[in-house]
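Here's what TrEMBL has on this protein:
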DOMAIN    23-205  domain 'PNPLA'
MOTIF     59-63  motif 'GXSXG'
ACT_SITE  61  active site, nucleophile
ACT_SITE  192  active site, proton acceptor
REGION    340-364  region 'Disordered'
COMPBIAS  346-357  compositional bias 'Polar residues'
């Protein structure tokens, strides 16, 4: 904590206009409402939309939904409201024994909220990264859907592990990352990114450096630096004994571990370097009771949010204050990000197909 304060003061004194703020959002199902509440607390402290102060956003599973909501300009309060309103449409059960929930509800909701034709490339205000796992391969492979690509010939994208963001529909990318095993069917051979990285923090820092290295190698002069990393979880549940079923997963786990090592070969060195050079903030509340990712009971949601509010007000209020002081010293994100108005459970009819409009309150 003390060392982080030193880094904060150092960064504030730098006044480096190339500093970028990274926001990393964990998965956790409906506990995304806790994540959203923490983001709202930061926004209240800073006194303006948080999206104006961040540049990179990465998310896994429900964190991918939250990240994409910010990316398309949905207000945090609207996001919180819509998660609660449509929860039973997403986790609506299934007439079949497996998986627990039909995919129809989540797919319909994602298209309504994000736009059925919105490509990831439309999220131009931030560099958005969504994680998923390709489970049709052995071992499974980590796949990243991005709203951007290096400033190189598009013919080289695939060779360097990039997709053309103009060809990736945002709702489909989110559907992939939220395809939690047991809860939903996989989507086009893709499943929940939490199989690899429920916390995408290391991944997005790796991705930041990868993009910079590629562009500089091609003479594009990328001078961006990581100014701050914000990592937000969805709550830490109390430990409880369980009676599990003994299944031999040796080969599968070995494969996944091997793939993890390949993807993040330098992760230990990277995290060591960054956490001693860059201010790092990690927020995730301790919950008083277990909370399943598909728990739609309003009483349980209310209790978890109450625990979260206590956590915000008593444990991280000073950290949030320090963070916002740092954010105010960082370059603002001046890229246009239109406010996407949400009414009821879906966008206004005039916004179908991914169109957005600015709220009268925020119009200038």
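The first residue you see is number 1, and the count goes up from there.
Here the Cβ of each residue, glycine as well, is placed from N, Cα and C on the backbone.
Please treat TrEMBL annotations as automatic predictions, because they have not gone through curation.
For the motif 'GXSXG' (59-63), DSSP puts the residue distribution at 2 helix, 1 strand, 2 coil.
Cα separation, residue 61 (active site, nucleophile) to residue 192 (active site, proton acceptor), rounded: 6 Å. The Cβ of residue 192 (active site, proton acceptor) lies under 8 Å from the Cβ of 27, 60, 61, 132, 133, 177, 178, 179, 180, 181, each of these being in the same chain and 6 or more residues away along the sequence.
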